């Protein structure tokens, strides 16, 4: 199986007060090693990367790279809405031992497709690591269109895309119009089956923070020829709960209920509201992830 296919977890960043909680981060890494997560994605949206300082980001990369010690691949989110800054941080991640980079489309400033093409080509030219494109227009305000992805797929070190547009027709077109080695990952937990069925290669998952083994086995079984759509659908209520408020608010609360002291999100995000927390607990109990006490 190629690197960066299967089940990748969009890992949270645990906090204790104003600091990153490295003992808990180590526990989370062990949890994923033990439960067959195929690769890690750190410093992405779920990791609250916009609220981490530059020095904190470097510390997280160094800690994860050193602790994992090549046991599973590590992808680092290095994207921003400034090409120069993206290049600089991508070089830092490369120097610190990242195996690949996840680079989101520039957000807020809404570049044209030509701007997106130039941005990614400039970054790819500046580093030697594999790059995974990341399309999430609901957050960035810009869609990475099929023709742009097709053109970028011809760049040697652009290896694939995390596709979170929610548009399965777009996903299908990307798969159909790019070469066979181009990796297409679902960026939405509730669309993993659909993306795999279209010829995709896995997921970068939020829900895998709490059910890593189930997420991994679903994809392993599908790739082994077991086409069981109902097995995927079974987890939809859990996926829905992970987005009842802005990610990663619910998943961090879920991890707290599972015994991982990941702490509250950093402002401007806040802890999960009381009503939603009651709903979350019920769903976690329904899935037998926490006790019924």
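Each residue, glycine too, has its Cβ placed from N, Cα and C.
As written in Swiss-Prot, here are the features:
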ACT_SITE  134  active site, proton donor/acceptor
ACT_SITE  162  active site, schiff-base intermediate with substrate
BINDING   46, 204  pyruvate binding site
SITE      45  site 'Part of a proton relay during catalysis'
SITE      108  site 'Part of a proton relay during catalysis'
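Least crowded of the recorded positions (108, 134), judged by neighbouring Cβ atoms within 10 Å of its own Cβ: 108. Residue 204 (pyruvate binding site) has 162 as its nearest neighbour among the recorded positions 45, 108, 134, 162, going by CA to CA distance. Reported as a whole number, the C-alpha separation between residue 46 (pyruvate binding site) and residue 134 (active site, proton donor/acceptor) equals 13 Å. Geometry remark: residue 134 (active site, proton donor/acceptor) versus residue 108 (site 'Part of a proton relay during catalysis'), CA distance 15 Å. Residue pair residue 45 (site 'Part of a proton relay during catalysis') / residue 108 (site 'Part of a proton relay during catalysis') shows a Cα separation of 15 Å. Residue 162 (active site, schiff-base intermediate with substrate) is 19 Å away from residue 108 (site 'Part of a proton relay during catalysis') when you measure Cα to Cα. Long-range neighbours of the residue listed as 'active site, schiff-base intermediate with substrate' (same chain, six or more residues apart, CB within less than 8 Å of its CB): 102, 132, 133, 134, 135, 136, 185, 186, 187, 204. Its own atom aside, the Cβ of residue 204 (pyruvate binding site) has 28 Cβ atoms within 10 angstroms in the protein chains shown. Counting every protein chain shown, 22 other Cβ atoms lie within 10 Å of the Cβ of residue 45 (site 'Part of a proton relay during catalysis').
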